[in-house]
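**Q** Quick one: the structure is below, questions incoming.
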Amino acid sequence: MNIQEAFDRMDYGPAPESDGPAREWIARHGPKLRHFIDGGWQAPKSRKWFESVNPADGKTLCEIADGGQKDVDAAVAAARAAQGAWAKLSGHRRARHLYALARMVQRHSRLLAVLESIDNGKPIRETRDIDVPLVARHFYHHAGWAQLAASEFPGHGPLGVVGQIIPWNFPLLMLAWKVAPALAAGNTVVLKPAEFTSLTALAFAEFAHAAGLPAGVLNVVTGGGETGEAIVRHGDVDKIAFTGSTEIGRRIRALTAGSGKHLTLELGGKSPFIVFDDADLDGAVEGIVDAIWFNQGQVCCAGSRLLVQEGIAERLIARLRARMDTLRVGAPLDKSIDIGAIVAPVQLARIRKLVEIGRAEGAEMYQPEGAAPREGCFYPPTLFTNVHPASTIAREEIFGPVLVTMTFRTPDEAVALANNTAYGLAASVWSENVNLTLDVAPKLKCGVVWINSTNQFDAAAGFGGYRESGYGREGGREGMYEYLAPVWAHKLPPVAAPAIAPATGEASVSAVETIDRTAKLYVGGKQARPDSGYSRRVFAPDGRPVGEVGEGNRKDIRNAVEVARKAGGWSSATAHNRAQVLYYMAENLDARTNEFARRIMAQTGASLARARREVTAATTRLFTYAAWADKYDGAVHSAPVRDVTLAMNEPLGVIGIACPDEAPLLGFLSLAAPAIAMGNRVVAIPSPSAPLAATDFYQVLDTSDLPGGVLNIVTGDRNGLATVLAEHDDVEAVWYFGDAEGSAAVERASTGNLKRTWVNNGRARDWYNPEQAEGHEFLRQATQVKNIWVPYGE
Ligand code: NAI
């Protein structure tokens, strides 16, 4: 071919990267690669190994240790032994270590990029230009958090030993997202990479040790699901951080329920990519390429559902097909390749199966002719049109280079389609009308929204999902909190059993002098009789009955959730308006201090002075959250690209709250007030031993302009009702402050829909102590951060 012909055809020649240094590194440590535990290589006590394969050519790269229980024990023991000294280092010393890790990543950047590429099959262009630079950026950013920890997270300390289980789609980047904040906060780590992609984690651990990281601070145990499960079950692990499939996330939630382990889950997605008819179509096409064909579509936040406004659908699809024809699929180490290999034959089979289902369901498929090599683990870019929103391929995460397309007419329809998924990880919105994009972004139920862009990540901007995409955030300040706890939290005493065990009874106590009436439930701003027709007696500590409340059941909870769900106007009310209502509630409670104090006395046996103190503290707490209502603002991050990232604190929606016994009125309001102040609607279950202060509160609510349905109160068996709330699909979160059994039951019941939970593990807070009972922890629990990326410039 002469030069003229080459220019005419504009074909790419192969530009292969050498894998020599990466293979040398493997050879130096292999052919069997051991665990990296306590600062050195350790052969598996299990004596088991498995093969690690290069998906691009199907050839074995090396053997990897298959960790058993004893290997996990050794790693956890090493992490535990190292944790005290690591946590005692000054923030500055830890910052120096994290800084050294960032520098180390840069020093070894090419080796890490090539290792990643041959192990995972992703294009070297991506590992070199995206994954590895983001890894370094993450450690730099978190060196900063270590440096500032004492001043920015006062009164907080590390959780202890953290078990981290990561997937194969971004092996080294997921390591960085997990390890950097954990170490910055003073935790030590046992990390298990995915069985398909262990190499860069092992190399990282070795290089980190050489860069001065003390032995035991970062331990890497390799293996498959069983190894992961041994970490999850280990009794000396304080937190599990998991990224992977929703199915395994559920299993981990079930296994850790009631164990007291902290848990964050970053799970799957089926993220919408919304294109309005005034979008820059060429820009949108490039965005789609990035959204679904980056990393072979094996991205948890991949824009895998293309939603196009009807009028431009034909034009956009035509341009997209033309662009698909130019995508190059092939050898990952070829620098001119767009799409590399699928991670493993099992994943390829999964993609093929879902594509077959899509075709069988009547969707129309487009794949560029001859796009992918016939041999090896490759799959061509694939586009489905004529897709029904209820079809399998529109609902299930395919985790491959497969895009499904649907159309919409109006912005409302776009939002409804976008939210029509069990997931809620990310979304892209394309329009030249910034007003429209900023109107749509807050309505999308997901953790990240990219405007006229996609798949943007930065260590300063938290990443994480809503709903079945998991909970917890990685990156930024919110990500640091996932690895910290207030120092007093370790020292809380167990909750005391109420002096008199609450009993249900049909017998009326109306003959007893002290009784005035039976309190009903409070649902939708009105008093409601319990569905059961039963009531439960409330006793004073000396055994005298002091009143009766309704015996709420499953149906009452369902009714309360339904009205709470309908009271969505509260979430969009202005913060000023919410503050006004809370001030008004405080004012009305204050006016009834003596009445409430007497009620508390009768139920708890407290002195009048003590009971008055509780009411006064409750009034003060309402003031606190009236104050916070218009001050718990988000943040604006300046990401290194030409974007501003708006981190918005959004309400969760409907929160179920099971209130503590310790201080029946103060505990109830310490929890309900922050939830309401942040725009949530609440279904509260008052203390079963002393519910009358909460039921008396109906009168305060009736006179305080709180819209009906915002705060609903259902009395009855706390653990039973809290479990119903935890199982309910229309409740976004459950807070539980009863006993240890109830905490475990709520966590277990939340497994089905992966609801966010906040439980006390049977530990009693001091509700009078503002450090334990109000402020940022409560506001954080009442909100979730949504990061909206807004580009600027030409
Ligand atoms: P997976 O969820 O099984 O694996 C993720 C990690 O969890 C791996 O390190 C694995 O060894 C570990 N693991 C597996 N079973 C475990 C258990 N019982 N206890 C503790 N750890 C356990 O994901 P897999 O099988 O590799 O991929 C299956 C599907 O999951 C994909 O097709 C994709 O749809 C989804 N996925 C989603 C990811 C995301 O980032 N959202 C990442 C990886 C997979």
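In case you wondered, yes, glycine gets a Cβ from its N, Cα and C as well.
Since we're looking at a predicted model, the values are computed, not measured.
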**Q** Examine the ranges 1-21, 463-483, 757-777 and name the one recorded by TrEMBL as region 'Disordered'.
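**A** In TrEMBL, residues 1-21 carry the label region 'Disordered'.
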**Q** List every residue in the same chain as Glu266 (active site), at least 6 positions away in sequence, whose Cβ is under 8 Å from its Cβ.
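**A** Set apart from Glu266 (active site) by at least 6 residues yet with Cβ under 8 Å, we have Phe242, Thr243, Cys300, Phe463, Gly464, Gly465, Ser469, Gly470, Gly472, Glu474.
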**Q** Could you break down the residues of the region 'Disordered' (533-552) into DSSP helix, strand and coil, giving a count for each?
**A** 0 helix, 11 strand, 9 coil
